[in-house]
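As C-alpha cells, the structure follows; a few thoughts come after it.
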Amino acid sequence: MTAAETAIDPADLLSRVATQRDRKALAALFDLFGPKLKSMLLKLGADSASAEDLVQETFVSVWRKAHLYSPVRGAPSTWIFTIARNLRIDMLRRQSSKPYVDYETVDLPSDAPIGSATAEQNQIVARVAKALDLLPEEQREVVRLSFVQEMPHSEIAQRVGIPLGTVKSRLRLAYDRLRPLLEDLH
C-alpha cells in the first residue's frame, strides 16, 4: 500500500459509499485510484479518451454496486480494478463485432476456393461465443481466463480475488451449462 492508501482507508471509503451513499467518499476513492486505473487501462490498449471514459464508468459501477463488495473476496483496490478490467474487456468485445457484409454484392474471384472447412469453423466459433454470452459474467470470466488465456486455476483465484474452490465451482457450473448447448459439436 502507498502512504496515501494507509492514510485513507479504501475499505472505509467503500463502506461509506455503500451504506451512506457518501459522495465525498466516492470522490476520495476516485482521487486515490483514478490515475492508477487510467494507467492500467492505457496498458491494456485503450486510448487516452477511452481510458478516461472507462475510469468514469468504473466509478459509476462502484457507486451502484458498492453494497456488493465483500472484504473476504479481496481488497477494495482489487475489486475496483477488476471492474475496470471487465469494462475494458466489454469495450473490446463491442469493438470487435464484425461489420455487416452483404455477401450477395461481394465479388469473389472465380478461382477462389469456397472453403467449407473455414465456414464450418466460423460457425462453431460463433456458436461457442453465443453460448459463452449466455453464462453469468462471473462464470464467463473464469472460463475465459482458464481456456482462452490458459491461466492456472490458482492464478485465476488470485487475479479475480476469489478462493480456488470458487474458481473450480464456477468452471464446473459453466461447463454444466455449456454442455447441453454444445454437445453436438464433439
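Placement of Cβ uses the backbone N, Cα and C atoms for every residue, glycine included.
Under the heading domain 'RNA polymerase sigma-70 region 2', TrEMBL lists 29-96. What TrEMBL lists as domain 'RNA polymerase sigma factor 70 region 4 type 2' is 128-178.
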For the domain 'RNA polymerase sigma factor 70 region 4 type 2' (128-178), residues assigned helix / strand / coil by DSSP: 41 helix, 0 strand, 10 coil
Helix, strand and coil counts within the domain 'RNA polymerase sigma-70 region 2' (29-96) (DSSP): 59 helix, 0 strand, 9 coil
